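Listed in Swiss-Prot:
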REPEAT    56-95  repeat 'WD 1'
REPEAT    100-143  repeat 'WD 2'
REPEAT    144-186  repeat 'WD 3'
REPEAT    189-228  repeat 'WD 4'
REPEAT    234-273  repeat 'WD 5'
REPEAT    320-359  repeat 'WD 6'
REPEAT    363-397  repeat 'WD 7'
REPEAT    438-475  repeat 'WD 8'
REPEAT    480-517  repeat 'WD 9'
REPEAT    521-561  repeat 'WD 10'
REPEAT    566-596  repeat 'WD 11'
Amino acid sequence: MSVTLKNIIAPTPATTRGKSVAINGDPKGENIVYASGSSIIIRNVKNPMVADIYYEHPCQTTVAKYAPSGNYIASGDVQGNLRIWDTLQKEHILKATYKVLNGAILDIAWTSDNQRLVVVGDGKERFGAAILWDSGSSCGEITGHSKMILSCDIKSTRPFRAATGSEDFAVNWFEGPPFKFQKNIAAGDFTRFVNCVRFSPDGNKLVTVGADKKAFVYDGKTGEKLIELNPAQQHTGGIYGCSWSADNNRVLTASADKSCKIWDTTTGQCINSFTFGSDVNDQQLGCLWFGDSLLSVNLAGEISTLNLDDVAKPSRVIKGHNKLVGTIAFDKNAGSLYSASYDASLLQWDLSTGLATNFTGPAHKNQITSIKINGDQLITCAMDDSVKISSISKKTYGESIGVDSPAQAVAFSGDVVVAVSMKTIYVIKGGKIVSQTAATWEPTSVAINDTEVSVGGKDNKIHVFTLSGNNLTASHTLDNHRGAITDLSYSPCGKYLASGCSNREVIVWSGKEAKSKGWVNHTARINAVAWSNDSKFVASASLDSQIYIWNVENPTASPVQVKNSHLGGVNDVIYGSNNEIFSAGNEGAIKIWNVSN
């Protein structure tokens, strides 16, 4: 048996209210690149399911930029580390790494000959640096600012010029190499932070945008101010991003006023204005004019493709998670995938396009801990002390069914739902609690097989109950585990029960007897166990970032290992078909794996 990666549903850009989001593209016009968590995401602009993730930063990433050749990416993080790595090989071989700043790197710019970089952000001694890419040696000084530098760019044509925008309201102009400060070209122009500066592709113009809603165009050779984009048509909120068209005549801007605009940089007039919703998450924090695709990123991290034919509605919105994905479920009848993340967001995925839709109505208010699918019902429970039974066809949340403490897991059989909180086991029918059983051993997980209900506890035991009508009656316990039970799952054939624990062990039970022994290949807590549709294999997911597939018919056989599946740990794993596995991880990604026997 072998397991190969098929597709990645990548996390969306990480966002912070009031701060720009950096999204950049490759020279070929195929892939975009952005930061999310401690990863860098490479994603095909036409097909979101085609993606790659760079995991090598030791902390939260902030920005990534392709070299003009397209052969390398330079990426930065909050600790001031700059990593330059190969894009042509799957392994992304590291070319160089430098400690450039003492604080977060916020923007990066390459010279068109691929030899030099300007790196800016926060720091104690300096807010920017100009370096040679292959040695890290200085090729100038980025000076003249008294506060954090938020943005930088380099003119693509010789003689090179560099520009920087800062929290001190200045746009500084540098000539070189070696780059040296010449002047503040925006003296008196901005009254708040300068969030983004960008040279036109031909280098003839520079556009700058600020938190004071203003935008200016300067001469790309001299830094002389040419025009202010029409104040009468300006955004009504701070501008966080700008990007040039390929024809050098138009610029796209993104604003906290929940709109994007296209401007004619010769006349200063607004040509198009794209409006979004009224929610705070509709604030636009970054944008990219990428070939024939106009992209904008909102506060929720969603990437919208703007539609020139309908300015009120994007032609496509790439949704996703930018927090850890804790639980997933697959609807075998419809072929849809469901996922929920740490921030309580719940998405339904179309696996043919990689696009997702939200449910409407009153959502959970805290992390969703479990998802199950029963026909048209989506059963969820969450840390907000509630269970919901929602309509899949209507894509609307159901009413909250309150429980006494954070809900840990749900399971169902027919019209019966069993949910466990940290204190109690609940039996739910028709959307109402019909019975509850106190549990002093803190339930953690639940599985149901017809009238047999198994509940895992922090006391290292599996408590087995018999369901009769609306009531649970204690039957027996299974106590071979030496750690708290973390997940339970009955086999589709109904003969076996799989369990995982915090002491890294997986056990398959046949009745009261353990069928498997010594399944302890994981090096950390088991987070999930799942059965293949034919009941022959069990997949386990762990905090150790590994997935193992165990052979139930041959328990002594070595399991198949999927190494380094997700950065920071695998939170859930499920089977789609016998030849397909879905996994969800701490980095916010969902991965689809092919399994071949």
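Any Cβ shown, glycine's included, is placed from N, Cα and C.
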What is the three-state DSSP composition of the repeat 'WD 1' (56-95), stated as helix, strand and coil residue counts?
0 helix, 20 strand, 20 coil
Secondary structure composition of the repeat 'WD 9' (480-517) [DSSP: H/G/I, E/B, coil]:
0 helix, 19 strand, 19 coil
Six or more residues beyond either end and a Cβ under 8 Å away: which residues meet both conditions relative to the repeat 'WD 7' (363-397)?
326-331, 334, 338-346, 348, 357, 403-412, 417, 419, 421, 426, 428, 431
Over the span of the repeat 'WD 4' (189-228), how high is the average pLDDT in this prediction?
99
